[in-house]
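Beneath this line is the structure, given in C-alpha cells, with notes to follow.
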Amino acid sequence: LPIDLSQLKVDLMSFSGHKIYGPKGIGALYVRRKPRVRIEAQMHGGGHERGMRSGTLPVHQIVGMGEAYRIAKEEMATEMERLRGLRNRLWNGIKDIEEVYLNGDLEHGAP
C-alpha cells in the first residue's frame, strides 16, 4: 500500500526489510522532526544518529533493504492488482457458504 508520511499523523513508524522480501535483520524507524513522544537510546556509545544509535552500520543489509523497497514501489500497482484478483477469487469462492461474512469493504479495503 502506498504510504505518504506527510499526510499521516504519526510520530514514529517502523519498516522491516524481510516483510517486503528484503534481507532479514534490518529495518528503519521513521521519527517525525518534532515528535510528540520522547524516545531514548536503547544502547549507548558511538553517538551515531544524534545519539540514538551506536555501532557499525550493516551496509550490505541497508542496500538490500533499499533495493527491496525500490522494487516494491516499482511493482506496487501490478502487485496490488494481482492481490485484488486473488482476494476477489477467494471471496467469490466462499461468499455463498452459510455463516461466512465479509468483515470490511471490498471496494475500499486493502487488496
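Every residue, even glycine, has its Cβ placed from backbone N, Cα and C.
As recorded in TrEMBL, the features of this protein are as follows:
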type: DOMAIN; residues: 2-104; note: domain 'Aminotransferase class V'
Mean of pLDDT values spanning the domain 'Aminotransferase class V' (2-104): 90
Secondary structure content of the domain 'Aminotransferase class V' (2-104), with strand meaning DSSP E or B: 42 helix, 11 strand, 50 coil
